[in-house]
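Below is one structure, written out as structure tokens; the observations come after it.
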């Protein structure tokens, strides 16, 4: 009888083409997502070598990082480097026979939102992209992670990837989530608990009652930020919630094929007694809304809390690092989180740019006005998200409140397009990284949920969203 296996073990074993004595494996890759920033050199490598794309139907190209999100974006991209990258992706996709969603296509959006909503992402698959937040797709019970540009070329050419297997880690979130506490709060709390190196060398499986209670969109938020916890990838075993989400998607299996697929997908769960190299358990019942205060995703606290004092940290290097973070963020120890005033609000990104995220924000915003001291923007994660939001009248709620309503793209998550903070500006952001300069030179980023960001836009400072329900 074979030893019990984890979900990660099962997907890995199913995709090993060759295994060397030192543990190095050649893995078959089911899906390859491509965007404009990490693909130009890869396609050029194919061109020079005279190689075709091995499996065009298993490859999907989407423009997202550099595209403007303003209404006039079809007039062109002003930044020359960004424009060249976008034009190169369009040309490469055409030349190599890869399906491509341009900024003129309503299916266009952030690659990690587009994949799932098209049914390109399915349980049990191996999925890669030249982007660190590819872990998002693990919400479907897929093994998904980012790769470098040379690896992008390797996958384009061979539909395989050379890898060594990571260790297994289980993060179990028990209990029921309190009202107004979200998937974003769960993952920020997890990173606060394990640190940004806590998952290094591991693939994390998320489990427990709180995880199971999440919608697919919530699960994608959790898996999206696995990389911020240091892990290679994050996984959630598929269930009826997963199957219900998938079945109506354009590229999903249909009819009898779907029934056969679901029968297989139901086997994609960890066996009882499977070994994990590391286990972390959290209690969801005690989770509050979370706000980041520093320049690392592990720098988090409750909205009810205060900015911590780095002098309380024993380890010298970490203490020095946290003092640097406070200096960069312009904060002092002991400051109440709810006393921190903000200048900007960004609701969007591959972490929180889906329809449920916009609904949560609209619920807070409805009938209220953005503070006079705040500039706020909503950037739907895809054209289809934008279309659905407009059908529901969410755009009107945001516009009436004083938010900007933008076109889809990565936007202010990262300073690679025109949406960026000015030096010293402080932003309540639903994105995934608060590094120095992430949203612009000397930008100050606080990571929060969509509801928390929306409430901060109205109040002009952080507030406990639980008091607004």
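Keep in mind that glycine also has a Cβ here, set from the backbone N, Cα and C atoms.
On a predicted model such as this, the values are computed, not experimentally measured, just so you know.
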| Of 223, 350, which does Swiss-Prot put in the [4Fe-4S] cluster site with 410, 413? | 350
| said: Cβ within 8 Å of the [4Fe-4S] cluster site centroid (350, 410, 413 excluded): which residues? | reply: 64, 65, 110, 133, 348, 349, 351, 353, 381, 409, 411, 414, 431, 432
| query | According to DSSP, which kind of secondary structure is residue 350 ([4Fe-4S] cluster binding site) found in, if we only use helix, strand and coil? | reply | helix
